[in-house]
Amino acid sequence: MAEKMDIEEGKATNGEPLANGLSSPKSNSPEPLAQRVKRIVMANLLVILTVAGVIIGVFIGLGVRNVELTKTQVIYIGFPGELLIRLLKMIIIPLVVCSLVSGAASIDPKALGKLGGWAMLFFLVTTLIASSIGVVMAFILTPGSVSDKPKVEGMGDDVPVAKEVIDSFLDLIRNIFPSNLVSAAFRSVSTASQFYNLDTFCCDSGMDLCFSWFSVCFSKIPVGTDQDGMNILGLVVFAIVFGVALRKLGEEGEILIKFFNSFNEATMVLVSWIMWYAPIGIMFLVAGKIVEMDNVGQLFASLGKYIACCIIGHAIHGFLVLPAIYFIITRKNPYTFLWGIFTALATAFGTSSSSATLPLMMKCVEENNGVSKHISRFILPIGATVNMDGAALFQCVAAVFIAQLNNASLNFIQVVTILVTATASSVGAAGIPAGGVLTLAIILEAVGLPTNDISLILAVDWLVDRTCTVLNVEGDAFGAGLLQFFVDRQAKREEGTELSGVMLEDPSVPAPESSPLIAKRGNKDSEEGAKGVLSESVM
C-alpha cells in the first residue's frame, strides 16, 4: 500500500523505476564536491571566522605599528575587542551561579560527590604534571643563564606586593566563605601586612622591627582588605551548596530549581548571540595588543629563551599530555575534541581570561563534543576556578628563571616546594589577565627568591598569559569530556546489570519469550501467563 502511494506521488524506493522510466537515485550515490565543501564550511563557519579574525588581527596590528599613533588612538583601535570582553564578563555571574545551582540540584548527592571527586583528582594530577613540565623545561633550556641581567624600564611599579605564604592560603579559605554575596561579585579578600607601633619599652625576640635606642618596637600584623576582582571561588561554593539544599527540599524547591534552569537557558541564548560577534572582537583584541607592544625585538632578544620555554612547555602539555590522557581513558580521537572547542580556545587567546571564555566553552562542549548540560554546567565553572594548568607551568618556569638570573642554586627541597606551592596557589589565582603573576610572589617568597624580578615577567606577560589561558581552558574541556565518558560508561553498566537481572517467573517458559519489554500479567497461573506472552509475541 505504501509503495503504491509513493508511485502515485511520483516517488519510488531506492533503485525502483519512476513513471517516466527513470530510476530514483540510490542512497549511496556520492555527494557532489561543491555541496560537500559547502556543508563542511557551514558546519564550521564560526570556527573559520574565528581563525580568520585572529589572522587578520595580526596583520592589522603589524601594519598599524608602522604608523605613529597616540595612546588615545590605540585605545580606539582596541574598542571593539573591549566590547567583547565586557559582553562576556556581563554574563559570567548569572551563568556560573545559575548553572551550578541547577547542576547541583539535578544530580544525586552521591553522584555529585563522585563527579566532584573525579574532577578534582583530574585537575590536581594535570596541574602537577604541568608544574613538573615547567620545572624540567626551565632546567633544560636554562632561560636565566645570561651574561647580563635583562633590564626593563617602567615595570617596577607593577610588581605585586609580597605576601606571607600562610596568609595567602588563609585568604583562599576566607574567599571560599564570602561575608557578602553581592560584594563577592566584584571584590575579594586580600591580606596585607602592616607594621604597628607597640609603644613598649621592652623589645621581645618576636618583634619584626626593634629600635632599642628609641625604645620603640614594631610588629608586622596581617590585615585583611578588599581588593577589586570577582570572588568567583566564593560564588562557586555557595551555588553548589545552595543547589544541594534545593534538592534536599524536594517538591518545595522545584519552583526555584525551574527558575534557575530557565535563567540558565536564557543566558545560553545570549551566549549564542555573543559567539557570532566573537570573531570581530578577537580580531581587534589581537590587533590592539600588537600595536601596544614596545620594543618587541629587544624583549625577545633578552627574554626570548624564557618565552620559548613557557610556550614549548604549554605546547607539550596541551598537544601531547592532555590528549594522551584523554585517548588512553576514552579511546577516542582527542584532536577531534580539540577542534570542537577551537572557537573557545581562540577566544581564550584573545581575551586572556578563562572566566570570560567560560560561556563560549559551555556552548562548544555541549553542541560540538556531546557533553551533557548537567556535566558541562557543573564542572566547567569549577574548572575555570581551580584548574590552572597553564598558570602553574608558567609560574614554575618563572621561579626557576628568576633563580637562575640571581645565580641561586635550587636544591631538591626547594624544587618540590616550587611544585607544591605552584599547584596550590594556582587554585586561588583569579581567572583574569595576569592573574597568575599575582600569585607568583607567593612561590618566590616560599623559596626565598627576590620578588622585584617579577617586573621582567610582567614585560612579556601579554604573550605568555595568553598561552596560559588557552591551556587552562583546554584542561577544563578535557575534564568535562572525561567525566561525560565516565557517566556514560556507568550508565551502560547499570543498564546491563538491570537487563541481566531480569528473570523468568516460570522456568518452563521458553527463553526467547522472556523479553523485559513485554508487560507482566496479573496473578495468573504459569500456563495462562505463558499463553498470554505467546499471544502477545505473535505479529
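Start at 1 and count along the chain as shown; that gives each residue its number.
Note that Cβ sites are derived from N, Cα and C of the backbone, with glycine treated the same way.
All TrEMBL annotations are machine predictions without curation.
Noted in TrEMBL for the protein shown:
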- 1-11: compositional bias 'Basic and acidic residues' (COMPBIAS)
- 21-30: compositional bias 'Polar residues' (COMPBIAS)
- 1-30: region 'Disordered' (REGION)
- 497-539: region 'Disordered' (REGION)
- 45-64: transmembrane segment (TRANSMEM)
- 84-107: transmembrane segment (TRANSMEM)
- 119-141: transmembrane segment (TRANSMEM)
- 229-246: transmembrane segment (TRANSMEM)
- 267-291: transmembrane segment (TRANSMEM)
- 303-329: transmembrane segment (TRANSMEM)
- 336-358: transmembrane segment (TRANSMEM)
- 378-403: transmembrane segment (TRANSMEM)
- 415-444: transmembrane segment (TRANSMEM)
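Only sequence-distant pairs (6 or more apart) were considered; of these, fewer than three Cβ pairs between the transmembrane segment (303-329) and the transmembrane segment (45-64) are under 8 A, so the stretches are not in contact. For the transmembrane segment (84-107), the neighbouring stretch richest in Cβ pairs under 8 Å, chosen from 119-141, 229-246, 267-291, is 229-246. Within its own chain, the transmembrane segment (119-141) is flanked in space by residues 305, 308-310, 312-313, 316-317, 321-322, 325, 379, 382-383, 386-390, 392-397, 400-401, 404, 415, 418-419, 422-423, 426, 471, 475, 479, 482-483, which lie at least six positions past its ends and keep a Cβ under 8 Å from the stretch. Ranked by the number of CB pairs under 8 Å to the transmembrane segment (229-246), the listed stretches 45-64, 267-291, 336-358, 378-403 are led by 378-403.
Counting Cβ pairs under 8 Å to the transmembrane segment (267-291), the top-ranked stretch among 45-64, 336-358, 378-403 is 45-64.
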